[in-house]
Amino acid sequence: MATTHLDVCAVVPAAGFGRRMQTECPKQYLSIGNQTILEHSVHALLAHPRVKRVVIAISPGDSRFAQLPLANHPQITVVDGGDERADSVLAGLKAAGDAQWVLVHDAARPCLHQDDLARLLTLSETSRTGGILAAPVRDTMKRAEPGKNAIAHTVDRNGLWHALTPQFFPRELLHDCLTRALNEGATITDEASALEYCGFHPQLVEGRADNIKVTRPEDLALAEFYLTRTIHQENT
């Protein structure tokens, strides 16, 4: 089937290990309910009708993915990821076919809301550079003194946002910006930072703060609570 300008391919970098979780199992393969975190994250993407394919970049030699139902899903493509997130995303982009726009979503961010995703996807009609889901900073922010656990000063939180995923960009633009940034040794912490490095200004689309990334052991119980609450709300 030919791809239309409205069709979107999602890329999920899932080659990381997540040492802060303090488990032998990579965090994306930990379970919440009867599914892994990765499955929750991918199913949230596929629930939107514009997302026609999901490319998952896994670590070479990963034996866990093949045991999941996702391995046989007709809309899933699997590629080998790289040592760094940006390498995995580039590998995913190369497998994204002729999709004009791509979503990049964290493998360990299972609590994505469909209305947030829908608002983000409207950027393909209104923006040339795309944007990201993000949440305004509401806590008081402190900057530490270099090398010390001591407060240097309070940071003005006005205009500060927590970057979330998915992040949504024209495929060719993201590919070119990631390639240039990596070739020039820039520090790339997310896909938006590659566009920033190349002089672009992606938009911020406000999303829910409960769209958390499972990073530490305590995040697992919190994500389970959020998912259970969401399922209950959708069924009532």
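Heads up, the Cβ atoms here are built off N, Cα and C, so glycines get one too.
Under the heading site 'Transition state stabilizer', Swiss-Prot lists Arg20 (among others).
Marked as site 'Transition state stabilizer' by Swiss-Prot: Lys27 (among others). Every protein chain considered, the tally of other Cβ atoms within 10 Å of the Cβ of Lys27 (site 'Transition state stabilizer') stands at 26.
Cβ-based neighbour count (10 Å, all protein chains) for Arg157 (site 'Positions MEP for the nucleophilic attack') stands at 13. For Arg157 (among others), the entry in Swiss-Prot reads site 'Positions MEP for the nucleophilic attack'.
Residues or ranges marked as site 'Positions MEP for the nucleophilic attack' in Swiss-Prot (evidence: sequence analysis): Lys213 (among others). For Lys213 (site 'Positions MEP for the nucleophilic attack'), the same-chain residues that are 6 or more apart in sequence and have a Cβ closer than 8 Å to its Cβ are Asp106, Ala108, Arg109, Thr165, Asp219.
A Cα-Cα distance of 31 Å separates Arg157 (site 'Positions MEP for the nucleophilic attack') from Lys27 (site 'Transition state stabilizer').
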